[in-house]
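Chemist: Below is a structure I'd like to ask you about.
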Amino acid sequence: MSTPQLMQGMQKDLTCPLCLELFRAPVTPECGHTFCQGCLTGAPKNQDQNGSTPCPTCQTPSRPETLQINRQLEHLVQSFKQVPKGHCLEHLDPLSVYCEQDKELICGVCASLGKHKGHNIITAAEAYAKLKRQLPQQQVILQEARLKKEKTVAVLDRQVAEVQDTVSRFKGNVKHQLNAMRSYLSIMEASLSKEADNAEHTATEALLVERKTMGHYLDQLRQMDGVLKDVESQEQTEFLRKYCVVAARLNKILAESPPPGRLDIQLPIISDEFKFQVWRKMFRALMPALENLTFDPDTAQQNLVVFSDGKSVECSEQKQSVSDEPNRFDKSNCLVSKESFTEGEHYWEVLVEDKPRWALGVISETANRKGKLHASPSNGFWLIGCKEGKVYEAHTEQKEPRVLRVEGRPEKIGIYLSFSDGVVSFFDSSDEDNIKLLYTFNERFSGRLHPFFDVCWHDKGKNAQPLKIFYPPAEQL
């Protein structure tokens, strides 16, 4: 390597990458890169939880206490500074011209005799003016890049916060659900224990009565044993006289002998079926409290008649005189409830009974209510329905609804909505002790959701049965 190349390489190695000047009080982080002490301490930095700061060049974390001034390097810089500033390291002439090809400030000798010979050379003043004009453009490019990365960092920060919030809510939900399970199982344990204690008390009382009776009888037998021994010791005449009396008395006592005591204790059998029933009951106990919904007549299609209690709705052949509200369904025989939800868990039940055609579920605030409805999750509809009284369907993204396998004919449908879990589940809740899952939609919900009811066309009376929101009287809650 020639001396000029060596000097240029040394100058590069002795230059701070932050201020582009020769090192002043050079320090070297643990990663091995070197900076001016003032440049490094003044650089933007983000400390981690251990107090370490990232290297501006490679982002490797470094502990502040490891930063010591490199005295050897500092002395080398001082020696290098003996070359006059603004002079060529090779020829010691002033740096007076600029090589546009190599983008380098050089001296006149370099331009005429050195490696820059034949290149496009301009004066330093011309280069200064030219590059000065280009600087704003570079600043714009830098600003755009910085803003873009700042937006990316903001998005990442928001995603980190969302992840932390999601995990926090998940942990809270897990804790809440498991606490509810523990509470329910504790109540169930106490109930079964009390039932066992009652059975034990009843059986013990009965057995003690039986034992007392048996004790009295045993006393009579022991007494007769003594009498028989006394008769045995008598002379002939006295023996015969007493024996007949004693024998008759003994036969009477033996004839009145109480049957042996036996008592069956009736306790719950801890079988697989029992466990299954407990889990079913616990599942129902863990569901949110039943929502007390009411139909919203302002959203009902013209043929629908909402009963005065707000809990029943049916389809009539006659159109009602109603105003054309923006949120009213105009073609499909549908309506929503007055209540709507934006968060949390919710559960409500609808009596369909023997109605042969219906659809239930939730719709988004932005779902279309005019004209023909295209019921699918992508259009803001999460529904299941029944047709012909026997075909049950889930309105998925498929071209045709998904046919569900349903046992029997559900008379009451339970609908469970969880914003945090992104779930809409449908249950056959006809039997409270035997709730059966029909179908579940999994979705990431945003915005407001409305409980939805499609009464369907009355079909000349064949489908005139009403839909009813189920909510028991207060004394049954």
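Even glycines carry a Cβ here, placed using N, Cα and C.
Because the structure is a prediction, the values reported are computed rather than measured.
Found this in Swiss-Prot, in case it helps:
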BINDING   LEU14, PRO17, THR34, GLN37  Zn(2+) 1 binding site
ZN_FING   16-59  zinc finger
BINDING   PRO29, CYS31, THR53, PRO56  Zn(2+) 2 binding site
ZN_FING   83-124  zinc finger
BINDING   GLY86, LEU89, LEU105, GLY108  Zn(2+) 3 binding site
BINDING   VAL97, GLU100, GLY114, LYS117  Zn(2+) 4 binding site
COILED    135-232  coiled coil
DOMAIN    272-476  domain 'B30.2/SPRY'
Chemist: In the same chain, which residues outside the set VAL97, GLU100, GLY114, LYS117 have their CB within 8 A of the centroid of the CB atoms that define the Zn(2+) 4 site?
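Modeler: Result: CYS99, ASP102, ILE106, CYS110, ALA111, SER112, LYS115, HIS116, HIS119, ILE121.
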Chemist: If we skip the immediate neighbours and take only residues 6+ beyond the ends of the zinc finger (16-59), which ones have a Cβ under 8 Å from one of its Cβ atoms?
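Modeler: Hits for the zinc finger (16-59): 66-70, 73-74, 77, 80-81.
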Chemist: Cα-Cα separation of LEU89 (Zn(2+) 3 binding site) and GLY114 (Zn(2+) 4 binding site), in Å?
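Modeler: Distance between the two Cα atoms comes out at 13 Å.
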Chemist: If one measures from the C-alpha of GLN37 (Zn(2+) 1 binding site) to the C-alpha of GLY108 (Zn(2+) 3 binding site), what distance in angstrom results, rounded to a whole number?
Modeler: 35
Chemist: Express the predicted model's confidence over the zinc finger (16-59) as a mean pLDDT, rounded to an integer.
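Modeler: Mean pLDDT for the zinc finger (16-59): 81.
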Chemist: Rounded to a whole angstrom, what is the C-alpha distance between PRO56 (Zn(2+) 2 binding site) and PRO17 (Zn(2+) 1 binding site)?
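Modeler: That separation, Cα to Cα, works out to 9 Å.
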Chemist: Among all the protein chains here, how many other CB atoms are within 10 A of the CB of THR34 (Zn(2+) 1 binding site)?
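Modeler: Taking all protein chains shown, THR34 (Zn(2+) 1 binding site) has 19 Cβ neighbours within 10 Å.
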Chemist: Starting from the Zn(2+) 2 site formed by PRO29, CYS31, THR53, PRO56, give every other residue of that chain whose CB sits within 8 Å of the mean position of their CB atoms, in sequence order.
Modeler: GLU30, HIS33, PHE35, LEU40, PRO54, CYS55, THR57, CYS58, GLN59, THR60, PRO61, SER62
Chemist: Reported as an integer number of Å, what is the Cα distance between GLY108 (Zn(2+) 3 binding site) and THR53 (Zn(2+) 2 binding site)?
Modeler: 45
Chemist: Tally every other Cβ atom lying within 10 Å of the Cβ atom of PRO56 (Zn(2+) 2 binding site).
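Modeler: Summing over all protein chains shown, PRO56 (Zn(2+) 2 binding site) has 16 other Cβ atoms within 10 Å.
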